[in-house]
Amino acid sequence: MCDEDVAALVVDNGSGMCKAGFAGDDAPRAVFPSIVGRPRHQGVMVGMGQKDSYVGDEAQSKRGILTLKYPIEHGIVTNWDDMEKIWHHTFYNELRVAPEEHPVLLTEAPLNPKANREKMTQIMFETFNTPAMYVAIQAVLSLYASGRTTGIVFDSGDGVSHTVPIYEGYALPHAILRLDLAGRDLTDYLMKILTERGYSFTTTAEREIVRDIKEKLCYVALDFEQEMQTAASSSSLEKSYELPDGQVITIGNERFRCPEALFQPSFLGMESAGIHETTYNSIMKCDVDIRKDLYANTVLSGGSTMFPGIADRMQKEVTALAPPTMKIKIIAPPERKYSVWIGGSILASLSTFQQMWISKQEYDESGPSIVHRKCF
């Protein structure tokens, strides 16, 4: 289908960040925020070359004068016009390629509505004229990236988390669970608990600062109550952070209270089960014969699993729920922030995968519904 010199493009569209690059590479070339911004004010300076929309980092840097929109909410595309802008930006500005010359592998959230897959397919063939394309489920790609074909993936990004049991390369849809608790919620929660300490963060620009604090200083406690006592009795857990204006703030128990919400969503006023329970529930929805393989291959993926201590805590919590003799192994690869993209890069460069692409010819013959027959 595709010549060796024409590398496939791999595009992983997340709620928070878009990751894009070439199949065969070991990391994405372009990583930028999945945002589209439009000016709030009328331009007054002629010849400034002001645009009617900005995408990604440029939108982020001009956010003071723009209205920002996220076309992907909770992992699912909700605004196709803006999504098209993001793809256009990905191909032409970030990767600097002509999409009509490369096969494109896109990723989708688990349980993505059928109409959405068709729309993605249609846009790729009709707007960007790609010679071939394929749509793969994000969690499945993360599992490939860890070198497995069977296991359960807990994938948590900025907008949504999922537990996806996979057996011999196929996701088991009846056992997939979605949890609308992810990075953005943790950032909001950290903003809230920092306010209680007397630091005020409210604007979207300040939210980015808090996101940085979260990424640099937060961690998951092995024993939450114990850690709270340690934090109360000594200052050993305190860390300082310098704000862009030079002011230095100190944070203590907020460092582990923030990601604790993953295990105790009640902190956010949510009634849902924590990530350990959700993982367990997902395994229990699977056939009794394959549970052992899932417990022994629990893979973490996505940016919101990057907190230090999360794997040990997950091990402890799942062990407490599982049958006593069960062997439980939590796999947290160091590159898990990009493991979906890496899995896509691996998949698209396999020789055995080359007959799996949906070609332009097949699309012209069958229309968008071809995606359900070829991508599953």
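A Cβ is built for glycine as well, from the same backbone N, Cα and C atoms used for every other residue.
Annotation comment: Swiss-Prot describes Cys2 as N-acetylcysteine.
Residues or ranges marked as N-acetylaspartate by Swiss-Prot on the basis of similarity to another entry: Asp3.
Positions annotated as methionine (R)-sulfoxide by Swiss-Prot, on the basis of similarity to another entry: Met45 (among others).
What Swiss-Prot records for Met48 (among others) is methionine (R)-sulfoxide, and it gives similarity to another entry as the kind of evidence.
Taking the Cβ of His74 (tele-methylhistidine) as centre and 10 Å as the limit, one finds 17 other Cβ atoms among all the protein chains shown. Annotation source Swiss-Prot lists tele-methylhistidine at His74.
The 10 Å shell around the Cβ of Lys85 (N6-methyllysine) contains 19 further Cβ atoms across the protein chains shown. Annotation comment: Swiss-Prot describes Lys85 as N6-methyllysine.
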Inter-residue Cα distance where the pair is His74 (tele-methylhistidine) and Lys85 (N6-methyllysine), in Å: 19
